[in-house]
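Over in TrEMBL, the protein carries these features:
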type	residues	note
DOMAIN	52-98	domain 'Alpha-D-phosphohexomutase alpha/beta/alpha'
BINDING	S65, D277, D279, D281	Mg(2+) binding site
ACT_SITE	S65	active site, phosphoserine intermediate
DOMAIN	114-167	domain 'Alpha-D-phosphohexomutase alpha/beta/alpha'
DOMAIN	179-284	domain 'Phosphoacetylglucosamine mutase AMG1'
DOMAIN	298-436	domain 'Phosphoacetylglucosamine mutase AMG1'
BINDING	E371, A372, N373, R499, P500, S501, G502, T503, R508	substrate binding site
DOMAIN	456-526	domain 'Alpha-D-phosphohexomutase C-terminal'
Amino acid sequence: MAQFEKVSQYSVQHPKPTGLVLQYGTAGFRTHANQLDHIMFRMGLLAALRSKKTKSTIGVMVTASHNPEEDNGVKLIDPMGEMVTPAWEGHATRLANAEQESLVMTLKDIIEMEAVDLSQNASVFIGKDTRPSSETLSQAVLDGVSSLDSHAYDYGLLTTPQLHFMVCCKNTQFRYGTATVEGYYEKLSQAFIQLTKHAPNRTDDQKHLLVDGANGIGALKMREMEPFLQKELKISLHNDGSQGKLNFLCGADYVKVQQKPPEGIKMNAGERCCSFDGDADRIVYYFINSAGQFHLLDGDKIATLISTYLKELLTQAGLDLQVAVVQTAYANGSSTHYLVETMKLTVQCAKTGVKHLHHAAQEFDIGVYFEANGHGTILFSKAAEGRIQQLTVDPNINDEKKSAAVLLENLINLCNQTVGDAISDMLLIEAVLAIRGMTVQQWDAIYSDLPNRQLKVKVADRRVIETTDAERRAVRPAGLQDAIDELVKKYQKSRAFVRPSGTEDVVRVYAEADTKEAADTLAHEVSVAVYKFAGGVGEEPKPFL
Ligand code: G16
């Protein structure tokens, strides 16, 4: 059957609702699962084209990550395991929104524009999270891939970062690792076990960690991985999906935004806890102190812990490699201040979305990137990796330098350098805390967060808000930024910004100030300004209680 006839025939089984328009957002398409069947089919098509174009394996992950269980979504993964390149995000949006009768024409347009050789073989890796809708939606992706006579390998249930890892392994001819879940567990756990050898005599209490699996895929995969860790980490897994609903009153996003512990986990004072999100690409840590107060250690604190340790190891190893930290506008002012003023590290601000942070981090020898919401990883340039490895085999260096180089080498192996990964980050944090003999309280005390608040505002069309300066200022609608500036002036150490979410149909509001009351009031006042200037719908935002 002629190539495009097959596409036409298959596409009839995955019809697009007329008039429905969706955008490839911060991390792919995301909306209610019942609007996504045609999107999945078409992303299968696009992944096959991208694979033919790059002559590499491409990944398609079916997940809506931190969104509620009723939603779903899809992310495309490029050859080195990174998010798909922006030009192809544009193709994705065009293909997704082509009405049924113009689908083949749009496909042909993309083929021509990108000079895709259709005779080239294509290979697509597919993964999915535990949402009930993921089963049929990933089948739609498979249909898309096979309607272009391309090869698909369906991994079934995976965390998002595991799929990124598989794609990278495959396209590096397995130099990055073995493209199987066992390969992933083995690579990470071996590095972790090597690192913990530098922290002997840890007690069972020190090895103990409470994990909130957000009732999602991360819980399932953590259970599979546990035997590989050879009791060097003792995990109590909660919200493992056996009872609760995905991301409901639990998970990293809930804990970060609500600034409170998840349901379904009983914490004793001082115990170290962490939460994954729905597809295990984010992590936040927390504990309650003896007075019952909740302490959150978010992406900013994770970046601080890791970058500080890396800097220390580089000094010990005598390596003059530059460590930089990439954050977003959501980074707490105290973290940026500490990293710049005390640690004397280079800090950059990127737009929200790991794809932006990832690219910024690639510019440095060692780029530590973390969003405050707990999404991040460390990137080592090839040159940096080379110099570290060289040092581990250099016969002319002293023991202190050698030991630092070996630690750095193991840290490289423990990081998932393709994307933020809750499991890899958790092991990294546990290793650093163990080696430094640091408690979670000591880690928390490195600096104190400025009180902050995040809110969401519903508006008729969130695209009316346009931002600049890494999303720290709104250039549209007229008058909104002036209103925010006036409100911010009323408080001490204050800052606020607004931006349209790329994963939910809301405008996000962030505010920080010197006191909790001031941060909460400022966030509420800015929400009201958004409601007024940007076409708020429903009731006007109420003061935060
Ligand atoms: C995704 C992105 C993150 C981003 C988050 C929120 O996370 O990967 O980089 O911070 O969405 O984005 P927004 O504020 O635009 O809604 P996840 O974990 O949901 O995939």
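Glycine is treated like the rest: Cβ placed from N, Cα and C.
All features noted in TrEMBL, drawn onto the structure.
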residue : record                 : contacts (Cβ under 8 Å, 6+ apart)
S65     : Mg(2+) binding site    : A27, R30, G73, D129, T160, D277, G278, D279, D281, R282, T503
E371    : substrate binding site : R282, G299, Q327, T328, Y330, T352, V354, L357, G420
N373    : substrate binding site : A252, D253, K256, R282, V284, D298, G299, Y330
P500    : substrate binding site : R462, R463, I465, V506, V507, R508
G502    : substrate binding site : Q23, G25, T26, A27, T352, G353
**Study point:** Extra residues within 8 Å (Cβ to Cβ centroid of S65, D277, D279, D281), Mg(2+)
**Key:** T63, H66, D129, T159, T160, G216, G218, A252, F276, G278, A280, R282, H375, A422
**Study point:** Candidates 52-98, 114-167, 179-284, 298-436; stretch with most C-beta pairs under 8 Å toward the domain 'Alpha-D-phosphohexomutase C-terminal' (456-526)
**Key:** 298-436
Review point. On the 0 to 100 scale, where does the mean pLDDT of the domain 'Alpha-D-phosphohexomutase C-terminal' (456-526) fall?
Key: 96
Review point. Where DSSP helix means H, G or I and strand means E or B, what are the helix, strand and coil counts for the domain 'Alpha-D-phosphohexomutase alpha/beta/alpha' (52-98)?
Key: 15 helix, 14 strand, 18 coil
Study note, to complete from the structure: Widest Cα pair spacing in Å over the listed substrate contacts E371, A372, N373, R499, P500, S501, G502, T503, R508 is 17
